[in-house]
Amino acid sequence: MEDNSEQASVSSQASMRPLVSDNGDREAGAGVEVNIANDNDTSVGVDGENGNEDDDPILSKYHNACQRGDLEVVREMIHGGQVNVSSDADREGVTGLHWAAINNRLNVVDFLVREGANVESKAGALEATPLHWAARYGFVYVVDYLLQHGASATTTDKQGFNLLHLSVNSSNIMLVVYVLFFVVSKGIIDIDYVDPKGRTALLWAAYQGDSLTVAALIKFNASVKIADEGGFTPLHWGTVKGQPHVLKYLIQDGADFFQKTNDNKDCFVIAEEMSNTHSFQEALRHNNFDKNGYPINKLVKRDDHAKIITFLIPLLVLGFAFFGFSHLHILFALPVIILLLLASNKFIKSFLLPSYETKGTNSASLLKSPLIAGILFGSIFWLAFVWILRILPYTFTKRPLGNLTFCAILCFVCYSLFLLAFSDPGHIGSENDHEKIRETISNLLKEGKFDTRSFCLETWVRKPLRSKYSYLNDALILRFDHYCPWIYNDVGLKNHKLFIFFILALELGIFSFVKVCLKYFDELDMDGDCFILGDDDLCSGLIGDRFTFLIMTWACIQAVWIFSLVIVQLFQITKGLTNSELNALIREGRRVDIDSQTHNEFFNTVPEGFINNKDTEEEAAPPVRNNTNERISTTFSGNLPKPRTCMGMICAVTGLHQCVAIIKDTFGIARHGSSRSTNTRSLLSSISTDYGWRRNWCDFWLLSDTNTPLWKRIFFSPPSTKALLNGKEADYATLYEVPNKNHGSVSQLQELQDPLSEIDDMV
């Protein structure tokens, strides 16, 4: 039975594979050879050239020129009468337009179409049009051009594939998005159109393990219920592939994992046969199903209630820990506290996190829960508790100023923590108007910037520079700095300044608390020998009030990472970059052996020679070599991401890895500890928003409204999406180009210096 089942699965997978030949469907199953005319040219050809050199050398030369994008040769041959564009096909029907389309030669495509080339001519064993050839390799700009010049999106090849199927098969998410909005949204092609074997675009995307395409198709209401001729639904094929994100999306959209194929197999059987049980069960857990597919009963029914409980648990655990270590022997207290921590961790992970609402494929985690914010709140609570009930009565008469100072800082910290937790970091929400989205895509295509750097796949809006999508807020965060677990919110344009005041107040508050604590311990006047603590105030505190002593020690430990955070934040302000941008620079510095010409993580298929007058040399998108042996892919490994180690989580929470990176860069230490070579570029040398420390600080601390009083400009956060950048007001919601740091005008310098003069006068 097992052998028959495995054989059935193998045969089902074999039937699933499309008939694809990398020579553009010219000969089914024929091999591809990449023609390299020179080091900078990569073209798709067959058998070294175009396969017909012996038949017609002139036609062969013409087709080779179309492949290479040699517009001058193509123009000369057509205008010279050597080739007639209306009859330039070889014996297989392949035209110059086919070769130009499959090699992403938009300039040649444009010329041939203007000369009268037939955009609907079919070629090869699959009878594919130039549009099909371009779509199979994800060339968005060629597809857009051909559609605008008469190519039909509904035409199918011999396999029964239309433009939507071929776009999905290309695994270029940008082409899929383009087809969805310009073809499917207009009703030209049905989202659930099936090929002759009953397979929809969603079914193909699931089989390919293409999570981005699956998510996009589901947003367009693609059916997860339709089964092909073998009884396989998208979830069945997704289980065959085992890509976790694909499975999560499909189950989240209501796919039936109990449904059986014609071979009487459900997803559980297929997952076991394909060794994808772990990924499948992870997807089930993500959507609140147990390993058998039955709903998990939630201990807490509401998401907000579960988060409140998570937030309050550290308050109780910290109090119990301080009490235990101060009243019990350490050999008894330590194992009890460890067991309490383990039990709390197990309770949160098993009963509270499953009650959280999940968004997309992001599962709830401790780092993305209110737990860390609860630790900060609990620490502040117990610190305030001992100050009010124990320290204040002893020290107020002798240290009134110190106590009043601490009280003021404590009130500000509590108030700002509340504001930060519920603040708007500055966001752009999702766009639902398809007409506006089409306009955005069209503008990006004209500028040669239609890729994931400039277009947000989650919100369907153009990405402003320095923005980043946040799953927590389900929006693009303007001038995104980082997600801070200590406030359970993102830090961005509108709350970044308050965040800086908050962490500065925390550090000053701890320093002030330690001072009044030491005075309190001095008032206790307890004598004793405390080994390394000696017989001073610390020893008096340890003997006389261990509970308060432990809280002061805990506060000092927190002061270490807060100081690290303050240093990193002030350094970033000085350099004119955000935490997110610093992380990106660190990641870029760790990359090795990546060919920038072939590595295309942003799915950019802008043709070589694409002219965009708006682009500066610095901002222009890098050219992408059109090597069709290296398909653009939005698929990911079937393996789940590695969980954070304990040290990794500590570094993520405290930002210590950034301090290390800054120190290494400052002292010129290379990655492996050796001196930085002259060929190694500094991490911080390519910051496009670094206009000098003086200007950077003014850009950050001053509001852009010059009519506002100076003290408000310094202490208030931006009320809108506008802020200073290089001394001029910039709207971060529409920030698509940064001011050139080398061409500041006199008016910009004057506007920058005026506030500084006011500050000097005040001092």
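Cβ coordinates come from backbone N, Cα and C, glycine included.
According to Swiss-Prot:
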- 1-307: topological domain 'Cytoplasmic' (TOPO_DOM)
- 57-87: repeat 'ANK 1' (REPEAT)
- 92-121: repeat 'ANK 2' (REPEAT)
- 159-188: repeat 'ANK 4' (REPEAT)
- 197-226: repeat 'ANK 5' (REPEAT)
- 308-325: transmembrane segment (TRANSMEM)
- 326-330: topological domain 'Lumenal' (TOPO_DOM)
- 331-348: transmembrane segment (TRANSMEM)
- 349-368: topological domain 'Cytoplasmic' (TOPO_DOM)
- 369-389: transmembrane segment (TRANSMEM)
- 390-401: topological domain 'Lumenal' (TOPO_DOM)
- 402-422: transmembrane segment (TRANSMEM)
- 423-497: topological domain 'Cytoplasmic' (TOPO_DOM)
- C484: active site, S-palmitoyl cysteine intermediate (ACT_SITE)
- 498-518: transmembrane segment (TRANSMEM)
- 519-546: topological domain 'Lumenal' (TOPO_DOM)
- 547-567: transmembrane segment (TRANSMEM)
- 568-763: topological domain 'Cytoplasmic' (TOPO_DOM)
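Sequence-distant contacts of the topological domain 'Lumenal' (326-330) (same chain, six or more residues past either end, CB-CB distance under 8 Å): 336, 546-547, 549-550. Non-local neighbours of the topological domain 'Lumenal' (390-401) in the same chain are 515-517, 519-520, 523-524, 545, 548; each lies 6+ residues outside the stretch with a CB under 8 Å from one of its CB atoms. Counting residue by residue with DSSP, the topological domain 'Lumenal' (390-401) contains 8 helix, 0 strand, 4 coil.
Within the chain, the transmembrane segment (369-389) has long-range Cβ neighbours (under 8 A, six or more residues past its boundaries) at 307-308, 310-319, 322, 348, 352-353, 356, 406, 410, 413-414, 417, 421, 485-488, 513, 516, 547-548, 551, 554-555, 558, 653. Secondary structure from DSSP puts C484 (active site, S-palmitoyl cysteine intermediate) in a beta strand. Only pairs six or more apart in sequence are counted, and the transmembrane segment (308-325) with the transmembrane segment (498-518) gives fewer than three Cβ pairs under 8 Å, not enough to call it a contact.
Neighbour density for the residue listed as 'active site, S-palmitoyl cysteine intermediate': within 10 A of its CB lie 24 other CB atoms from the protein chains shown. Note on the transmembrane segment (331-348): residues 310, 313, 317, 320-321, 324-325, 366, 369, 371 of its chain, located 6 or more positions outside it, place their CB under 8 angstroms from a CB of the stretch. Taken residue by residue, the repeat 'ANK 5' (197-226) breaks down under DSSP into 17 helix, 0 strand, 13 coil. In terms of DSSP helix, strand and coil, the topological domain 'Cytoplasmic' (423-497) has 16 helix, 16 strand, 43 coil. Remote same-chain partners of the topological domain 'Cytoplasmic' (349-368), defined as residues 6 or more beyond its termini with a Cβ less than 8 Å from a stretch Cβ, comprise 211, 215, 244-245, 248-249, 252, 285-288, 296, 298-303, 305-307, 309-310, 458, 471-472, 474, 483, 485, 644, 649, 652-653.
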